[in-house]
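Quick look at what Swiss-Prot annotates:
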- 1-42: domain 'SH2' (DOMAIN)
- 66-321: domain 'Protein kinase' (DOMAIN)
- Leu72, Gly73, Gln74, Gly75, Asn76, Phe77, Gly78, Glu79, Val80, Lys94: ATP binding site (BINDING)
- Asp186: active site, proton acceptor (ACT_SITE)
Amino acid sequence: IRTLDDGGFYMANRISFPTLQNLVSHYMMDADGLAQRLSRPCSRANIPITSGLSYKDEWEIDRTTIQLQRKLGQGNFGEVWAGVWNGTTAVAVKTLKPDTMEVKDFVQEAQVMKKIHHPNLLQLYAVCTIGEPIYIVTELMKYGSMLEYLKHGEGKNITLHQMVDMSAQIASGMTYLEAHSYIHRDLAARNILVGEGNVCKVADFGLARVIKEDIYNPREGTKFPIKWTAPEAALYNRFTIKSDVWSFGVLISEIVTHGRMPYPGMTNRQVLEAVDRGYRMPCPEGCPDPLYKIMLSCWKHEPDDRPTFESLKNLLEDYYVSAAEGSYREPAPR
């Protein structure tokens, strides 16, 4: 549900309501382009209260207040654990592997994350930078990685409507990064976390940086996943928010195929060469043409021809209304 400048409310651009009650009443009586009529309110999620738990400043906490309980996964630079903070708050804890990354780079990740506040971006709670290993403490998402959720969890049975909604949530989080001149550089299902009610949050900002220049050139030697990386980024190290848009198109393909590896049967080198020649993944089985067109728009060769995350968010949020009216249009370059 979105708001108008004059205080009105809307879910689709073509119709708005003066009050929230009017909107809810309308969609309870008539789906009017939504996947189904509204029935009952969503249950309110329990959000941990984390203020006042630090001992030094707003972000630094004593590592003795963290109890690691269960290993959730392992990434390039460390492990992720489920744990408890102060004996009361369930958290996720990311630890730094010794000698795999400069401590200052890991701390810089926290400096980026603590400035980010959006419902679809993973929230930082605290850091432990005194002693080793360094901890980054974040909210804990019930279902963990979207990739595992789609392949092995309850996500194996999600509907197309849920797939579109999850894609829209990710686009919403990336719209925030876009507006604040951040890039992610590793946008993929493995770096999306899923919680109650299929709430999706973009995670792993280890490669994210504030962009002062229009283009960010990564340090030589850093590895990036070819099958998710835009050609100008993979070939020339030119990373922008528009290379994230390319990755988002690949991410949608992961969602609609329940976590299938992109470009099945092709090696990284084959993908890089084929994409540079103009090859694009074909429409996945069962994927509606309008959704595939959105994916193709993300894979335009020229970065400036790709849509913004804001336009992608709006397209996906209005997807069923537009499809019902036959009014889908490929997003215009901005």
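Every residue, even glycine, has its Cβ placed from backbone N, Cα and C.
Using a 10 Å radius centred on the Cβ of the residue listed as 'active site, proton acceptor' and all shown protein chains, the other Cβ atoms total 20. Between the alpha carbons (Cα) of Gly78 (ATP binding site) and Asp186 (active site, proton acceptor) lies a span of roughly 16 Å. With all protein chains in the displayed structure included, the most crowded Cβ environment within 10 Å among the binding-site residues Leu72, Val80 is that of Val80. Within the model, the domain 'SH2' (1-42) shows a mean pLDDT value of 79, rounded to a whole number. Leu72 (ATP binding site) sits 19 Å from Asp186 (active site, proton acceptor), taking the C-alpha atoms as the reference points. Counting only same-chain residues at least 6 apart in sequence, those with a Cβ under 8 Å from the Cβ of Gln74 (ATP binding site) are Val80.
According to DSSP, Asp186 (active site, proton acceptor) is assigned to coil rather than to any helix or strand.
Under the three-state DSSP scheme, Val80 (ATP binding site) falls in the strand class.
According to DSSP, the domain 'SH2' (1-42) comprises 10 helix, 9 strand, 23 coil.
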